[in-house]
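See below for the structure under consideration.
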Amino acid sequence: MPPRRDLKKILIIGSGPITIGQAAEFDYSGTQAVKALRGAGYRVVLVNSNPATIMTDPELAERTYIEPLDLEHLEGILAREAPDALLPTLGGQTGLNLAMALYEEGILQKYGVELIGAKAEAIRKGEDREAFQEAMRRIDLEVPRGQLVGSVEEGLHFAREVGFPVVVRPSFTLGGTGGGIAHDEAELVEVLSRGLTLSPVHTALVEESVLGWKEFELEVMRDHADTVVIITSIENVDPMGVHTGDSITVAPAQTLSDVEYQRMRDAAKAIIREIGVETGGSNIQFAVDPKTGRQVVIEMNPRVSRSSALASKATGFPIAKIAALLAVGYRLDELPNDITRKTPASFEPTIDYVVVKIPRFAFEKFRPLRNTLGELKDELTTQMKSVGEVMAIGRTFKEALMKALRGLERDVRALAGVRTEELEKKLYPNPDRVYAVMELLRRGMPVEELYQATRIDPWFLHQMKEIVEAEEWLKTHPPKDREDWRFYKGLGLTDRRIGELLGKGEKEVRAERKALGVVPVYKTVDTCAAEFEAYTPYHYSTYELEDEVWPSQKPKVVILGSGPIRIGQGVEFDYATVHAVWALKEAGFETIMVNSNPETVSTDYDTADRLYFEPLTLEDVLNIVEHEKPIGVIATLGGQTPLKLAKGLEEAGVRLLGTPFSAIHQAEDREAFHALCQRLGIPQPEGRVAQSPEEALRLAPEVGFPLLVRPSYVLGGRAMQVVRDEGELKRYLEEVYAPLEERPSILLDRFLEGAIELDVDALSDGQEVMVAGIMEHVERAGVHSGDSATLLPPVHVPEEALKKVRDYTRRLALTLGVRGLLNVQYAVVGEEVYVLEANPRASRTVPFVSKAIGVPLAKLAALIAVGKTLKELGVRDLDPVPPYYAAKEVVIPWIKFPGVIPELGPEMRSTGESMGIDQDPYLAYYKAELGAGQRLPLSGQVRFIGEGLEDLKALYQEAGFALTEGQDYDLLISLVPDPELRRAVERGLPFITTREGAWWSLKAILRARESGLRVQSLQDWHQKAPRG
């Protein structure tokens, strides 16, 4: 069937800021779909409020709108662009809910826009819990007994009938938001009231519990001709009761019998047909009772999902790309498989390896905060809480598991020092469970006992036991020949771990292994278990005999990715590495990407010339460098993860491209940087470095309180705090510093109260420096720069101070010898400027600044790293200032951490960001707020909590707002961590926790009242910017 030529222009809705449950996987799938549709001759309009994405690059879609994802702005875009169709299945839950709202409000019909990929009825059947259960009954498939309820009373009535525990699943929410498990009536009242509030349609499914059952997923695709293919099966290592996004998962499924698998496949095909997903992909989840084999259907996502990104990376089958092409009328048998070029997309992938995904969490960021429910528990439930994930590929489950664990950048023996009885308490679902299980296996706990405590299938527990037994044997039987070495390395044991077991250093073990010629070989991900030749170089390491990867003789560059997304190191760094790959490819280099994150564009098989899906450890990276022999490695674009490898790589004789390691070290080493600033005459706040808690207490009075204290070498403000007296400092040293594994030195800085903070991104070639963007923070000093709203260009900083900022930035860049990007943070008090820190690497603001000024900074940085100058790259304007304002606001997933009271401080907690652009700074800020989900009211009631707020109250009253002391408000302003803030979070109401935020918000509200709505594409904004 030829593609539809009646459609010319297609609108794609992105998923908005990155948050828990909706991360970089939608940037990956959206980017793939835009490229596919444009390649097929369609015009594509994209709307997304998230600037930190590849999909919002102005070169990708024909028209790109960085606008809030709400009905008003979308209607404005529909009116302006007049697309023929809307593809709603690529923007996660946000995109799907918006598409449904546009349809239900009659807005799509008004502008004659057709929904393609999934019709409204199919979305409703897949997403509405009751409709889905009815559909399953029609095709004789079992679902857990459940009832859709609209009130707590109905829920209690049903739970009394089926018995506790019950599971609560709110309708149309993301990552299980608002859901949970209730073990008794009191818990049901709590979970269900929250779930009903958070569901956009205020309903939730209460269903019988299948806790402890095995959980499986199938990724399914269907075309117009009713061809249905199963892309892969995925098995959750953690049993039912843990959200699949928080489970360790493995593909293909390991413990299903052939009969069970065939039954599941038949069910999946029947489901996608019954729900009516005419074209595209769906993810269908099943539970299997391990005792009886009873199989029930849990739910489906009639869209591209987190699991489809994982399935794409696990198999090499580009689900989002194919889904986009099916939506415009192609059939599966008409689309070629990019990897083999011989087989069509209707051939189901076959894989001869095992893939393991492990989630990454951030409980430690939220635990120190006040909580209305007591201490924050790290228990994993049906509500997703992980912020990122790592994927690894091996020939066996054991090898893939161990590679994935080291990809998390955490010691496999993290719990070695914990007492056995404490470990036994860590067997409930929590981020440490896999470490506790392995540690207890080392201490001889039987598999059966572990199974009873965890309900993890005994097959997985036996696999872990075999790893532990091999480690034990190794202690007394060192490897003596190649076979021994290959056996131990094939289990996924690192040189470092083998060294620990034998009492040797990592370098010594590496030398012994290499002397015997034992090095990894590289295999290819080819979708067909080596039945056809693979043309797309997508590789993983293993310790076998046959190598499938032959390095070319071309000049090549290795770019190190950033590993799993976490708070402080988000998709912004993936953006920088992808841009570097594209720029170096255009310049004629062969590009080699090393990364372990399945959610991202960097690990798409067609981003770099070669992709190594490997953990970012020194051992794994050195193996690749020795195999490929590149001209050098770029380690400064992926955040702290690759930066930590820079020293080891340089010591091993690897050439680091761009900024030399000496410059990185000089900027990060506190004393060296202080000496440099003194030499250059650049002021810094008073500060000292202590090597121990005792020294910190002695030096503190010399610097003077209040102090900003933190360990050296951290990202995202980990363990950073403002302390106001000696008592607070003592508490910090005992509660925050003492538990740190590495015991780094302690930095004590004088805290400048009331200063305006600035963030500066610059680009240097060693001779000239481009000061690309100066951003003013809305929140004052003391709030982590990654959690502050920012404006570019600054609004409240005197020109005299800005001149100093440019001058200091240039001097720092040239003296440090930066070749590439540099981020500097300043504090401004009046016209005085103090430098806080400098980081000679890509920062998290690079995508935002690039979008704001229309200059691809990361691309230029990569070309400078291989020897180009700013002049040669055509950069003329070294101080670009756009003739409009760009604002950035952050998103913090407060809702996912029960009871936590929102509070901003020096430790970063945001997961994502939104952007607003306007001629007026306050309107840009208003748009950024809307884009981040903070719907500031234009009128209504405001409640204030805290002392000394008379001036703000007067301003809000003057603007026509009524003040209230009650619960019925439209906006909450609380400058103290009050439990009312938690209630606002759970009711989805806007709230503000800083004086500056309250002031900016009021200015924004006043401007928004006057001006009404304006939408404009990024391409149009860039027309106005002076071309660098």
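Even glycines carry a Cβ here, placed using N, Cα and C.
The ATP 1 binding site annotation in Swiss-Prot covers Arg129, Arg169, Gly175, Gly176, Glu208, Val210, Glu215, Gly241, Val242, His243, Gln285, Glu299, and the record cites sequence analysis as its basis. Residues annotated as domain 'ATP-grasp 1' in Swiss-Prot, with sequence analysis given as evidence: 133-328. Among the features that Swiss-Prot reports, Mg(2+) 1 binding site is placed at Gln285, Glu299. The Mn(2+) 1 binding site feature in Swiss-Prot is assigned to Gln285, Glu299. Feature annotation from Swiss-Prot assigns Mn(2+) 2 binding site to Glu299, Asn301; the stated evidence is sequence analysis. The annotation Mg(2+) 2 binding site is assigned in Swiss-Prot to Glu299, Asn301 on the grounds of sequence analysis. Annotation comment: Swiss-Prot describes 410-549 as region 'Oligomerization domain'. What Swiss-Prot lists as region 'Carbamoyl phosphate synthetic domain' is 550-933, and the listing cites sequence analysis. Annotation comment: Swiss-Prot describes 674-866 as domain 'ATP-grasp 2'. Residues annotated as ATP 2 binding site in Swiss-Prot: Arg710, Arg750, Leu752, Glu757, Gly782, Val783, His784, Ser785, Gln825, Glu837. Under the heading Mn(2+) 3 binding site, Swiss-Prot lists Gln825, Glu837. Positions annotated as Mg(2+) 3 binding site by Swiss-Prot, on the basis of sequence analysis: Gln825, Glu837. The Mn(2+) 4 binding site annotation in Swiss-Prot covers Glu837, Asn839 and rests on sequence analysis. Under the heading Mg(2+) 4 binding site, Swiss-Prot lists Glu837, Asn839, citing sequence analysis as support. For 934-1028, the entry in Swiss-Prot reads domain 'MGS-like'.
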How far is it from Arg710 (ATP 2 binding site) to Glu837 (Mn(2+) 3 binding site), counting Cα to Cα, in Å? 13
Which binding-site residues (Glu208, Leu752, Gly782, His784, Gln825, Glu837) fall within 10 Å of Glu299 (Mg(2+) 1 binding site) by Cα distance? none
Minimum Cα separation from Gln825 (ATP 2 binding site), reported as the residue among binding-site residues Glu215, Gln285, Asn301 that achieves it: Asn301
So of Val242, Leu752, which of the binding-site residues has the fewest other Cβ atoms within 10 Å around its own Cβ? Leu752
For the ATP 2 binding residues given in the record (Arg710, Arg750, Leu752, Glu757, Gly782, Val783, His784, Ser785, Gln825, Glu837), what is the largest pairwise C-alpha separation in angstrom? 18
Check Leu752 (ATP 2 binding site) against DSSP and tell me helix, strand or coil, would you? coil
Pairwise Cα distance for Leu752 (ATP 2 binding site)/Glu837 (Mn(2+) 3 binding site) [Å, integer]: 14
Could you break down the residues of the region 'Oligomerization domain' (410-549) into DSSP helix, strand and coil, giving a count for each? 72 helix, 10 strand, 58 coil
Across all protein chains in the structure, which of the binding-site residues Gln285, Asn301, Asn839 has the highest Cβ count within 10 Å? Asn301
Site of maximum Cβ density within 10 Å, from binding-site residues Glu208, Glu215, Glu299, Glu837: Glu215
Show me the subset of Asn301, Gly782, His784, Glu837, Asn839 whose Cα is within 10 Å of Gln285 (ATP 1 binding site); these are the binding-site residues I mean. Asn301
Per-state residue totals over the domain 'MGS-like' (934-1028) - DSSP helix, strand, coil: 42 helix, 13 strand, 40 coil
What kind of secondary structure is Arg129 (ATP 1 binding site) part of, going by DSSP in three states? helix
Proximal residue to Glu215 (ATP 1 binding site) among binding-site residues His784, Glu837, Asn839 (C-alpha distance): His784
